[in-house]
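K.L.:
My questions all concern the structure below.
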Amino acid sequence: MGVTTVTDVRHTVSADGPTESRVPNPLSPLATLFRSDLGGHEQVLLCQDRESGLKAVIALHSTALGPALGGTRFHAYTSEENPEEAALLDALNLARGMSYKNALAGLDHGGGKAVILGDPEEIKTEKLLLAYGRFVASLGGRYVTACDVGTYVSDMDVVARECPWTTGRSPENGGAGDSSVLTAFGVFQGMRASAQASWGAPTLRGRRVGIAGVGKVGHHLVEHLLEDGAEVVVTDVRGESVDRVLARHPRVQAVRDTEALIRADLDVYAPCALGGALDDATVPVLTAKVVCGAANNQLAHPGVEKDLAGRGILYAPDYVVNAGGVIQVADELHGFDFDRAKAKATKIFDTTLAIFDRAQTDGIPPAAAADRLAEHRMAEGHGA
């Protein structure tokens with residue numbers, strides 16, 4: 001997908017006014033990038049604004065189908081030995097995932113992602129968000145940003161003051177608002193398709209669904225499932241998130257942690273928090289026959305999809321079913337219409353079924369079938 005470059009973009013202010021410079025990045029991040037198996041990224045920017053404390057990574061995986069579109073994650077990576085390189089790898093992985101997601105969502109956008117390093121509860125300020133907006137704007141529209149973990153509609157309103165290529169803004173500021181509503185709706189459509197493929201009917205009625213993570217997306221998914229007649233079990237590292245769900249929906253059950261949830265008697269497991277939820281410790285003990293959730297990058301490493309298939313567990317590829325949010329923000333660029341965006345998100349049901357059919361025909365896991373379909377569309381974009 002073209003030449004991969006890593007650039008350090010720095011804004012400085014002198015007597016002559018603000019200036020911008022691009023200088024090669026230190027060897028270690030370069031080595032991390034070139035040694036990774038995520039290849040094909042078109043451009044990576046490492047951004048720093050010392051005055052506000054901003055440190056960020058912006059990764060553009062592909063612009064074959066149009067400007068790269070993907071959210072801004074705000075995360076500390078404090079558990080990692082090298083937080084900066086962990087953030088870089090996360091941005092690379094997430095950006096690549098957005099290319100595939102946007103392709104299968106039928107959008108005329110490539111994939112990109114940004115990560116701001118740090119605890120948003122401690123360092124997020126208006127000054128920092130404005131500085132970040134200037135970095136995004138420096139790309140001249142090659143990257144369109146939005147909300148992600150740790151960033152919200154109010155944050156995008158601030159970023160938009162410096163950058164016109166900002167979605168996920170509040171309605172009063174020309175945006176569509178919180179994209180988690182359609183993200184949850186899309187996951188529900190993917191879950192309905194999974195039920196059709198597994199049990200012959202597109203409904204979760206009478207099925208027991210376990211949701212790990214009931215934050216921005218998960219709590220909306222709870223509502224869809226209850227309306228459809230499912231039994232719902234939840235867990236979240238934030239106790240207040242669980243309490244909010246239980247207060248609103250007394251029928252919902254809660255377990256102490258994800259370890260307890262994956263071992264519970266479930267029909268469907270829905271990872272809706274951070275990535276890597278499906279790993280070598282989780283897959284062997286899963287009781288669910290379907291995995292379908294909102295979290296990005298659920299497969300901890302290549303080969304997990306084969307382990308799931310080997311156990312007879314149907315995996316709905318994460319980037320397919322959680323595309324409702326990106327469908328919403330893409331629609332925002334054309335003057336947001338909720339009904340139009342929801343109609344497009346409804347098609348996630350058909351796309352998911354098509355992937356299951358392709359997987360069965362080709363004798364491969366659904367994750368591999370989804371990748372093939374996405375790569376075919378991206379290749380067509382390159383040839384356009």
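Cβ coordinates come from backbone N, Cα and C, glycine included.
Unlike curated entries, TrEMBL annotations are predicted automatically.
What you see is a predicted model, and the numbers here were worked out from it, not measured in a lab.
Per TrEMBL, the feature active site, proton donor/acceptor maps to Lys113. As annotated by TrEMBL, NAD(+) binding site applies to Gly213, Val214, Gly215, Lys216, Val217, Gly218. Here TrEMBL flags 1-26 as region 'Disordered'.
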K.L.:
Cβ atoms within 10 Å, counted per site: which of Gly213, Gly215, Gly218 has the most, among these binding-site residues?
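P.N.:
Answer returned by the neighbour count: Gly218.
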K.L.:
As a test of the contact definition, list every same-chain residue at least 6 positions from Val217 (NAD(+) binding site) whose Cβ is closer than 8 Å to its Cβ.
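P.N.:
Those within reach of Val217 (NAD(+) binding site), by Cβ under 8 Å and sequence separation of 6 or more, are Ser180, Thr183, Ala184, Val187, Cys272, Ala294, Asn322, Gly325.
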K.L.:
Near Lys113 (active site, proton donor/acceptor), which residues of its own chain have a C-beta under 8 A away, given they sit six or more steps off in sequence?
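P.N.:
When sequence neighbours closer than 6 are ignored, Lys113 (active site, proton donor/acceptor) has Ile58, Ala59, His61, Gly70, Gly71, Thr72, Arg73, Ala91, Leu94, Ala95, Gly97, Met98, Asp148 within Cβ distance under 8 Å.
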K.L.:
Setting Gly213, Val214, Gly215, Lys216, Val217, Gly218 aside, what same-chain residues sit with their Cβ within 8 Å of the center of the Cβ atoms that define the NAD(+) site, listed in sequence order?
P.N.:
Ser180, Ile211, His219, His220, Leu221, Asp236, Ser241, Cys272, Ala273, Ala294
K.L.:
Could you tally the C-beta atoms, other than its own, that fall within 10 angstroms of the C-beta of Lys216 (NAD(+) binding site)?
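P.N.:
A 10 Å sphere around the Cβ of Lys216 (NAD(+) binding site) contains 21 other Cβ atoms.
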K.L.:
Restricting to the same chain and to sequence separations of six or more, state which residues have a Cβ under 8 Å from that of Val214 (NAD(+) binding site).
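P.N.:
Long-range Cβ contacts: Val222, Val234, Thr235, Asp236, Ser241, Val242, Arg244, Val245, Cys272.
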